[in-house]
């Protein structure tokens, strides 16, 4: 937050209201003809994704003692603002296609794509002010849809696969943004945790763990049930492996909730990139195990040297929770398709 309240009041509300007026004008101009008459279709997984993005990621960001409420509140602001902008950008990147059957599907895409901004927000939690978060939301969603358009048009990547790269894009976009902020030391007061904040953060992890199969399958056209089952088995193995490796990597041989908080979701991230290429559950289980190994060992051995080498500070560990597992999933997808 800015040090002067008057500056905060004179900048944030007007910026938010400006973008909201722009969105209302664009929706009026683009959807006045087709209206909101959509086909009789509702996917229950869309509600699961909404719960995951609002509740799961919101509580997931509540781990800092000082910025727990900011993480939950600004997450809602990012989601509410980003979904509207994502629907519009999706229409622009589809050659200006705005019609009723497109509208319902684009809302589901918007709920998934805004996850990239929330992941990036996790990398700069406690550093950025609301003005910077609003600007980052607008810029990142536009950049993410531009990246998807390039992938589909020139690299011939399927629409589902390009959308499931949301974790990869969000993690490294957030790390790139964090390089422009001062590096916070792990024992700094802003990075401190409390039992209450850790409990709320773990509650967010549980929300994400439960709803992740729906997140990976909500946009799938074919083999939706196979993706759900593969994701669930990958998450199960990821959780079990996280408990085992946590005991092995701590000095006192006890469980570290920071490891559980981060590594239990790594399998879901990896399966999001490779789920449509998996034919057998044991492949998903292997990927879940490898993702957790990367998440825990990476944070254990590389987290301390990361700020001094590339001068960034990964506040929430998104590099090891979302970034590297997503890279593993992308590589696994390529290998499975070649085989």
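Cβ from N, Cα, C; glycine included.
The stretch that TrEMBL tags with transmembrane segment, taken from the ranges 227-248, 249-270, is 227-248. Taking every recorded stretch in 105-126, 133-150, 196-215, 280-298, 318-338 and counting its Cβ pairs under 8 Å to the transmembrane segment (227-248), the highest total belongs to 280-298.
Only sequence-distant pairs (6 or more apart) were considered; of these, at least three Cβ pairs between the transmembrane segment (318-338) and the transmembrane segment (162-184) are under 8 A, so the stretches are in contact. Counting same-chain residues at least six beyond the ends of the transmembrane segment (133-150), those with a Cβ under 8 angstroms from any Cβ of the stretch are 12, 15-16, 19, 74, 77-78, 81-82, 85-86, 89-90, 92-93, 113-114, 116-117, 120-121, 159, 162-163, 165-166, 169-170, 173, 177.
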